[in-house]
Amino acid sequence: MSVDQFMHNFFFNWGIFVYRFRRIFLIFPIILTGLLALGLLRIKELEITEPEYVFSPEDAPWHYERAVLKEHWPVNENRFWPGKSYDYTSWTDIVVWGKALPDGRRPNMLDLKYLNETIRVSDYVYNTLSINITVDGESYRIGYQDLCMMYEQSCYDNGYLHMLKPSKLWANFSGEFGDIAQNIAEEAIQVTYPIASRGGEPIYMGALVARPHIVDAEGHFDYVMALRLTYNLREGAIQNISRLWHKKLTDYIVYSEPSPILEFGFYRNGSLNEGLKEVSEVVVPKFLTTFLLLTVYTAIFSFVLMNRNGFISIDWVRSKPNLALAGVMNAIMAIASAYGAILLSGTFFNSIANVTPFLVMSIAVDDMFVLSAAWHRTNPLLPTPQRLGHTLAEATVSITITSLTDSLSFATGCLTTLPGIRLFCLYVSVGIVFTYFYEVTFFAAVMSFCGDMEQDGKHALPCIEIAHSDSSDDSAVAGAKLLSELSLTDKVFKSGARSRSDQLKQYRQQSGAIESTEKDLKNKEISNNANQGIYAQETTVTSLSDKEIGKSHKKFSLVDIQEYYNKLMRGNKTATTNDDDIEVPTHRDDKSMMSEFFNDHYGPFLMESTTKVCVLLLFLIYVGISIIGCLNIQAGLPPKLLVLEDYYATRYYDMMDQTFWRQGLQVQLVSSSPPDFSNGTQAASFLNMMNELEDTYYIMPRNATMFWYYHYVKYLQVEKEEYGWPIPNNTLSWYKECRTWLLSAQGRRLWDLDTVWGEDWANETEYNTMYAFRLQLGMRNMQTPFDLVQAVTKLRTVASEYPQFNVTTFHEHYPFADQDIQLQPSLIQNCGLAIVMMIIIAFILIPHYGAALCISAAMFSIDLGVVGFMTFWGVTLDTISMIALLMSIGFSVNLSSHITYAYVKCEGSAREKAIFSLKTLGYAVFLGAFSTILGMLILAFVPTYMATTFFKTVFLVIVLGLVHSLVFLPVLLSVALPGSEDGKEKSKAKKISSDGRCAPESGITDQHKSVEGKRKISFDEANFETIHL
């Protein structure tokens, strides 16, 4: 027995089993959901918001590189210098520029109008901005100077702003010696770019003034676009007070508009975390809207219309709005169970997983449409347990394939080293597993209750009676008479099909009249088929009598069903299990508007030779455009795309992109095994490394490098030239002189924080040994995440070529660079693994290797299109889109598998098989695809890159998957997998059977077709049309 046959057998029996214990299967999932949902109480406890953890690989190099800095230079609140510490969490960075001029240019911040206004705001924050706190009943007013990090008992005060004023305004230079004092001041203060000096102490201006206009070789400038302010607070015991002051500063700069002529880009440690939380707070309430949209959508398409003598109304017996609601509730239960189970296990949660409910609900609704379509194709004359068994046997195999592929495609994402992707994929994968579990338990149980209501001729909505239930022998005449007696309200809201007992009664009466004619025709058909070497089979099953199968179903055992289904598997499609030996088809012909559209119009049109040629040309154009897009895709996820577009930090990111990221920011370079600079060879080797880094595309020239060695060597040269002092020529004397120089050097405050020395005073050699040092390189041309990746790669590559110096580099954006560096190999690894798994599943579960290959080809094509068209829609390759690509692999199998499976299970010519697959599942696939788009639609209106990227990618996956399923794939299947006919006569004799399945009907005469038509009218009751398959 093949896997496909086994699954059919299993799920048919499972349907009978669920019906037998439907109350248990209805209640147990609800109780299980309630218990697992208790885990949601831990969501705040386990939520992790640190961007460095979520969006960067766990084994990324930046962890070690930052640890090196922390080891050598731990934070010291009393020896702190801005820009030299990366392991504290209480800093604020502000970019300031003037409001745009009428022509769009930014004004010169050196203009006293703007410079004085900047100084006014800075002084207000430094001296006046304060908070009130109460301690032990005493009220205190706390300002910046009470909380600030210090160096030599002084707070950093952004004093460079005063240096930017004209020199005559630095001080009061009036009086007899005013000119002399001014000249002295001008000599002591050199305002140049990228490094200025004040009293001989170097000041790195590259990180303080942006995009200067340089006017001479010395670096003087007469224009800057933006300025930068920084405020750093202590942590420890006063951390909570510092947070309150930071909040006060945020309110002042961001929300109070402190200046009418300036604009501020504000960012503090924690801003990105808060931005991610804000995204979560915006996205989560949208789920309620999605829930309502999908509920209304599924309810509308669950209604069945019927035509009673020209009056079209809803068939309230066969319509299933309650089943549609159960489908949506199935998704809610799966989401709550998945979240709860994962959180109960102690796994972290991140806001990126908030998109999970939208995906899980869309998948659940898609599966619901497939199950509902399978139910409507079963014969209403069959009792509910048989209808449920046939529904699960037909639909659940396809759903198993889609659920398995979706779940496993996301499960492969759990293998990545990127925590954000791993967490998201875990939540989605487990959510899909619970969705599938509840579909075959809870949803199947609800379907059994709905089936009983339909069987008994009850209204789909509780507490409402059917006003018109035609039960007379002459349905046409009696139906018209009863219909005329009903009010308009009853016709519209209380009309429906007859109960199964009434249908069986009429069927028995009609079957007796045509029995002899059918018998003769059947014998003739078998005889004709035998002469042609064909054994024709009709899928029928004996309908059990009401006496044997009622609500108790005491005589209808699982053994009976097993025996019946084993006969079906052996090819004996007829079984006798009741007293009357009444045989009816297991499935009825679907006469809905959309099935007729696919069967009579779209399917034949698609199978025309001319159409196939056009489809081939369209596919080639599609592939070409996709390849062009793939070749031009960009990679990288800048932090500003993680927050809402109107979030205050977004302006900061934009201002930084236009100013300091272009030139000026610094990267730290650390040598943990310093060279012996007294040794000419070692010094030359280290300087050779510096030459490889400085004045490159991403690193500024040497005049932007803050390196104590350059200043010390210059000092030694001056001492030699002016005083004749020899340059130390051995290790001890060279470093001993260096340490002495650091005590009095004009830049001692900086160099002291860049070197690590021995501490044993008693041991002269150890005390004068330098164990580590660092320097700062100026960065430039950092316009995109790709540029940052290239710069980081260059720095690390050069450093690795000099292992003797144990060099590491670091910048606060290294975590994002490592994410982008790891992204491509992770994408190849996880997507490759997912594709292989999808192909294996297709070959195992699809009962035809050629069909499995077609699904694989469609999957490759869809994924190619998703990546290619992402480029044209402005989506880059990053963590978010990688998640979406993993999703696209599973989703691409979903839609393709439904059509392919129907094609394979059908018998007949390639044309008939393709038309049949479109007829039976084309509309259901369309509804499922549209429900997925509808489920994600709300994300398109969330003003953040993360949400819109999810929507764009899902939209591309679904649209391309739908085009492949309804256009490309049927054509491919019809060409690659021809039908089973051996000759022209056989091909002409085959057609799609009237019971709704695809089967050969060779030798059937027009008279037999007419009889079959009469039988069909008897159990279909009337000419009605189904909106939902």
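Backbone N, Cα and C define each Cβ position, glycine as well.
Pulled from TrEMBL, these are the features on record:
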TRANSMEM  20-41  transmembrane segment
TRANSMEM  287-305  transmembrane segment
DOMAIN    289-449  domain 'SSD'
TRANSMEM  325-344  transmembrane segment
TRANSMEM  426-450  transmembrane segment
TRANSMEM  613-635  transmembrane segment
TRANSMEM  827-846  transmembrane segment
DOMAIN    867-975  domain 'SSD'
TRANSMEM  916-942  transmembrane segment
TRANSMEM  954-977  transmembrane segment
REGION    980-1012  region 'Disordered'
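Secondary structure by DSSP for the domain 'SSD' (867-975): 96 helix, 2 strand, 11 coil. Confidence for the domain 'SSD' (867-975), expressed as mean pLDDT, is 83. When Cβ distances are compared across the two stretches, the transmembrane segment (954-977) makes contact with the transmembrane segment (613-635), since 3 or more pairs at least 6 residues apart fall below 8 angstroms. Sequence-distant contacts of the transmembrane segment (613-635) (same chain, six or more residues past either end, CB-CB distance under 8 Å): 606, 784-786, 789, 820, 823-824, 861, 864-865, 867-872, 876-878, 967-968, 971. Residues of the same chain lying 6 or more positions beyond the ends of the transmembrane segment (827-846) and with a Cβ under 8 Å from any Cβ of it are 3-4, 7, 397, 400-401, 404-405, 408-409, 412-413, 415-416, 421, 852, 855-856, 859-860, 863, 877, 882, 885-886, 889-890, 893, 897, 900-901, 904.
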